[in-house]
Structure formats: C-alpha cells, structure tokens
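According to Swiss-Prot, the feature signal peptide maps to 1-25. According to Swiss-Prot, the disulfide bond annotation covers Cys36-Cys182. Sequence annotations record features per position, and here Swiss-Prot assigns N-linked glycosylation site to Asn55, Asn119 based on sequence analysis.
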Amino acid sequence: MANQIYIISLIFLSVLLYQSTTVLSFRQPFNLAKPCKRFVFYLHNVAYDGDNTDNATSAAIVNPLGLGDFSFGKFVIMDNPVTMDQNMLSEQVARVQGFFFYHGKTKYDTWLSWSVVFNSTQHKGALNIMGENAFMEPTRDLPVVGGTGDFVMTRGIATFMTDLVEGSKYFRVKMDIKLYECYY
C-alpha cells in the first residue's frame, strides 16, 4: 500500500513538473524597447467641494485625520473621464474608476487602485493600475497589473505626468501607458 502511494505521488509530481516546464518554455521575454500596445490619454478630475454635485468626478469619503499637514488618511473615490487630448469636453475614450488614499505623514503621497474602463468601439475591457503615486514628482511609473476584455492578463507601465492643477478643485494627468505583455 505504501509503495502504491509512493508511485502515484511520483507520477503526479512528474506530470506537474512536466506541465510547469512546458508553460515556462513558451513564455516570450519582454521587449522593453517596443511595447505591444501604447496609449496616451488625459485624465480629468473634478473634486467634489459641496456645491458642484453635477460636475464632480471624485469625492473624499474619509477626510484627513489631522495627523500632520499632508492629508494623511484622506480616502477618495473617483469616476473620471479620459480623453485623447487636454480638453475635458472632448470625446471620452475611457473612464478611470477606483480610489486613492493619502498615506504619507511627512510628504504628499498617495496609493491608488484604478481601472481604466474603455467605452469605445475600438477597445473593450479595462486596464488595472495600482501602486504608489508620489504625485509631487514630475513623472511617476505605476504598474499595469492586469486587465479584462481586450486586455486580459496584460502587464505594463503607466507613466503619469501632472499636466495641470487648479487649486484643490481640478487636476489633469497625462497618462502614457505602455503594455509589454499582450494576448489580444
């Protein structure tokens, strides 16, 4: 009986090892010089200020905790329009839906989780971006960690550049998204 369990276990491990080496041997290495897809978009954020209910695209659902001068603890949800140019009234190609929160006690820093949801005839699905957003820096690189639809299991880098800030009410971010692992 013990010998039979040993043989079955050995066969199972052999099949498992064979499958894993087969999958790994067909993986294509990333070519960082040439992404398989690239998008340049503009995200437009209009913060809710108590009066602009119809125009707001983001709102704080948890206000700062008062632990410093850098909005520590503030949690913001958003549903922002995305356009191909800097004009917020241009045709929307996608929406960024998700949240970010301020987690820096000694400087302005946010951590975000966003889905770039495409609503065009050219692309269907969403890209998922998450990570540290040191938004006081001129450019920030965040990982594209997956997606749905046309972007299922994709990976890449989203470079954010703050394009315009109008006080605490409006900001625009240029997003340069390069995908290095594409399946569709």
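Placed from the backbone N, Cα and C atoms, the Cβ positions cover glycine too.
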Asn119 (N-linked glycosylation site) and Cys36 (disulfide bond), compared by Cα position, are separated in whole Å by 21
Expressed in Å to no decimal places, the gap between the Cα atoms of Cys182 (disulfide bond) and Asn55 (N-linked glycosylation site) is 35
Cβ proximity for Cys36 (disulfide bond), under 8 A, sequence spacing 6+, ordered by residue number, returns Leu179, Tyr180, Glu181, Cys182
For the recorded positions listed (Asn55, Asn119, Cys182), most other Cβ atoms within 10 Å of the Cβ sits at Cys182
In the three-state DSSP scheme, Asn119 (N-linked glycosylation site) belongs to strand
